[in-house]
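Working notes, beginning with the structure itself.
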Amino acid sequence: MSNQTSSRFIFVTGGVVSSLGKGLAAASIGALLQARGFKICLRKLDPYLNIDPGTMSPIQHGEVFVTDDGAETDLDLGHYERFTGVKTTKNDNITTGKVYHNLLKKERRGDYLGQTVQIIPHVTDLINSFILHNTEGLDFVICEIGGTVGDIESQPFLESIRQIGYKLSKNNTIFVHLTLVPYIDAAMELKTKPTQHSVKELSAVGIQPDIILYRSKIPLSKEQRDKIANLCNVSPTNIIPALDVKNIYELPISYHNYNLDTQILKHFNVNSPDPNLSKWENILNISHTLTKTVTVAIIGKYIKLLDAYKSLIEALEHASIHNRVKLSIRWIDSRSLDSNGINAFDNVDSILIPGGFGDDGVKGKITAITHARLNKIPFLGICMGMQLAIVEFANNVAHLEDANSTEFNLYCKNPVIHQLPELQQNFLGGSMKLGSCPCYLDANSKIFSIYQQSVINERRRHRYTFNLQYKDLLEQHGLTFTGKANNTDDSLIEVIELNNHPWFIGVQFHPEFKSSPFHSHPLFISFIKASLSYQEAK
């Protein structure tokens, strides 16, 4: 492993339990260093054996975040992009599965020249290469290690960052460990023992944390902080609260107020001006003064785990702040919705159908689309949401018999949605149309008025598309196709709109992946504005 790098490395690990907010902590560190003028990048190392999360259930894993270059990645990369504005790539997320996939290809090629291939050094060398690659011009590289210290899957990654810490020395590496300090209601007391045990687990693999972030409802007392410092060999000034917040965009300011960025720079002996956090303060000031509320109904089948829609929720929040309104989301399980359950839409200001897979819950989504179309309620369909809007229109307006998607019925009479021919293969993983692609907009369309440009670039993740054989027929009945992948007549359809409706748009791409709190996505801004107009017109 070469130690020729001018970048400094920040490793973020987690202990006690998962879902403490390592990704948000890493993103906040990146935002704070960026606010001081440093160049940063963020990377995620996931210990699961899948090559990527593309085939994992959203109920288990949460959303799959798609990068511009078409990588299906962990949702934390979405936090990285939204907090820092730095675009992530396929080279910023690695899994155990990807490491072993590359390792075995190298072994089969004979790259190891007859060696016995082992976890150390061969697996750890590949992980080290991932961490250290493409760091030219970067002041800081922030690496989040997925999972929890003590998990068997995490051991090769922890060994790798231990090696890097040893090779590059304390002057170029820092270990930040996030733990849980639970509050026991019955005893009315914070408990530090889980943190002590977590640090002990980390020390057992040769890593001494330099900073401890503790997730808690309230800050520790000085006595409790000193106790952790003494037992964990960490300076009391480096034991920093990761307090619960109402809005995740409070985190950078909260961490700064507790000197997280100051202590990191002190560790590296780096001087810098104070961070400019005015844009974060502005977002919070706006969000704290909102009075009017719009209610968006989201109809999906993964609502048991809202992380399945993480980027979508954030994009709607960004657009709501931009429009100076509070956002209220009414989550509706598509599998429990039928034509008799339309009272679920009472007092909603708009309806949104997000992306998804499979026929489970499709009838409920169709019911929602019909309700939005007939009652002139603002409607946004994303990916499958657009496809189902076409299916609903073909059946109920164009009166095509048995119009459907071949995803749900391979032998339907009128397949208005069918599989992309070039994607018809046996493998499920990595077999979709992925990443950023251009989309050409009709100059006379609502979508053009929203974007104010004729060519846009958006990220895609789909296997099915509109069947162009039905284009003329559906246009005759009032459906317009206002965005396409290129300027040819046989181009893939990317955007649909409905005539005689105030705001009814379907998009094949995923606009939620390109929204941030400081650059709200124009499509969501327009959608929330239409929701507000609908509310005011009631």
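Cβ coordinates come from backbone N, Cα and C, glycine included.
For the L-glutamine site, Swiss-Prot lists G356, M384, G385, M386, Q387, E407; matching the candidates R225, R460, R463 against that entry yields R463. A 10 Å radius around the C-alpha of D76 (ATP binding site) takes in these recorded positions out of E144, I152, T192, T195, C383, in sequence order: E144.
Confidence over the domain 'Glutamine amidotransferase type-1' (295-537), given as mean pLDDT on the 0 to 100 scale, stands at 93. The maximum pairwise C-alpha distance among G356, M384, G385, M386, Q387, E407, R463, the residues recorded as binding L-glutamine, is 14 Å. The Cα of R463 (L-glutamine binding site) lies closest to that of L20, out of the binding-site residues L20, T195, Q196. Straight-line distance linking the Cα atoms of K191 (CTP binding site) and Q387 (L-glutamine binding site), rounded to a whole number, equals 51 Å.
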